[in-house]
Amino acid sequence: MAANVQTSSLLFLVFLLLQNFYSANSQSFLGVNYGQLSDNLPSLQATVNLLKSTTIQKVRLFGAEPAVIKAFANTGVEIVIGFDNGDIPTLASNPNVASQFVKSNVMSFYPASNIIAITVGNEVLTSGDQKLISQLLPAMQNVQNALNAASLGGKVKVSTVHAMAVLSQSYPPSSGVFNPGLGDTMKALLQFQSANDAPFMISPYPYFAYKNQPTPDTLAFCLFQPNAGQVDSGNGHKYTNMFDAQVDAVHSALNAMGFKDIEIVVAETGWPHGGDSNEVGPSLDNAKAYVGNLINHLKSKVGTPLMPGKSIDTYLFSLYDEDKKTGASSEKYFGLFKPDGSTTYDVGLLKNTQNPTTPATPTPTPKAAGSWCVPKPGVSDDQLTGNINYACGQGIDCGPIQPGGACFEPNTVKAHAAYVMNLYYQSAGRNSWNCDFSQTATLTNTNPSYGACNFPSGSN
């Protein structure tokens, strides 16, 4: 176990170092859903200009309108286009429909419009429509064949988007399995996707998990806020947020069927900033916390316990509010931006602006009296590694503990954890609960700074 902990910590630090080579003005893992069920949307050109002003690098469309695809030409934005569920029967029965679609909606614009994937349907396998379910794979195969005929088979991927309900079990994450009722259908679908190197697209929404269990602990777990965490009884991994738990449950389900190497893409996730007064969870503060902390978590490249050291491609839901959506009122209020291009809440998506939830690097100052957050004696390296991953995943500047940084030496898990745990405590508000870390931390009045390594405090 000790060797695994040291390896895990080292891998984390290596990936943390590598992330500095990526441009601060782009986040290649981050996309957004561009829904258009609204009567108050800005013009298409205004939307393109808005996205170009952000760090968002991908956009998912729910259709394939030629004007929209063309508008994103030469922008560098990667595009996912899609078929509605209602298109599936015709696609499945008539290969010519797929061929014509590829000719008119892909070849006419590619590569100037950087189309990277085509989604065939949304949440089909959990629709309950057995006929539609049986037609899904033939429809996808016809689209794939049309792309192959156009020499685009290896460049434009074919997938379909699933709800978390495709899993019959998701907790603990290591026990994740697909609904056995999907049986051969899911296996055939995964064989197709594996053969074509296509991603498995899923829509995890921690918001709905909180809605089903609205407790303060669940909210903190869903919003990436400090919490006691949950230990997976199957493998001992500790989870500090619901997003990682849901994604790893999908990974476990894929692994259980022999397809652990299929890439997982989060097709949509978000949190409503408004809703009816009787709805639990929607609020501006909760939406900002979830989306902002999710972005910081992805940016950190910590990954998940089962897929460490990488950022999963994630499409936020959604670009704008959609007042024509049906269902609960909250369904209308997932928008990141307002029609005038201003932010609904600021999570640092605009280029050349700092994420407001990401503290700046503290300026070293002379040591002074104050309070500092440090590990308790006797805490294991395993627990401290989890604290490092959590704190750095919240967006604090962990550069000083990277090789060459002022706090890299001594190169021990305990020393690195002490620095980042304190920095998180100071940045998060200096409340006692900001120095809890599942009861592995304590406050001290003794300044732990040493040499050039400065531990900031409230009085610094």
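Positions of Cβ are set from backbone N, Cα and C atoms, glycine also.
For 1-26, the entry in Swiss-Prot reads signal peptide.
What Swiss-Prot records for Glu123 is active site, proton donor. Neighbour density for Glu123 (active site, proton donor): within 10 A of its CB lie 16 other CB atoms from the protein chains shown.
Other Cβ atoms within 10 Å of the Cβ of Glu268 (active site, nucleophile), summed over all protein chains shown, number 22. Per Swiss-Prot, the feature active site, nucleophile maps to Glu268; the stated evidence is similarity to another entry.
Residues annotated as region 'Disordered' in Swiss-Prot: 352-371.
Marked as N-linked glycosylation site by Swiss-Prot on the basis of sequence analysis: Asn355 (among others).
The disulfide bond annotation in Swiss-Prot covers Cys373-Cys435. If you draw a 10 Å sphere around the CB of Cys373 (disulfide bond), it holds 27 other CB atoms from the protein chains shown.
The N-linked glycosylation site annotation in Swiss-Prot covers Asn447 (among others), and the record cites sequence analysis as its basis. For Asn447 (N-linked glycosylation site), other Cβ atoms within 10 Å of its Cβ number 17. In this structure, Asn447 (N-linked glycosylation site) belongs to neither helix nor strand by DSSP; it is coil.
Secondary structure from DSSP puts Glu123 (active site, proton donor) in coil. Annotation for Cys435 (disulfide bond): same-chain Cβ neighbours under 8 Å, separated by at least 6 residues, are Cys373, Met421, Tyr425, Ala441, Thr442, Leu443. Taking only the Cα positions, the spacing between Glu123 (active site, proton donor) and Glu268 (active site, nucleophile) is 12 angstrom. The two recorded residues, Asn447 (N-linked glycosylation site) and Glu268 (active site, nucleophile), have Cα atoms 44 Å apart.
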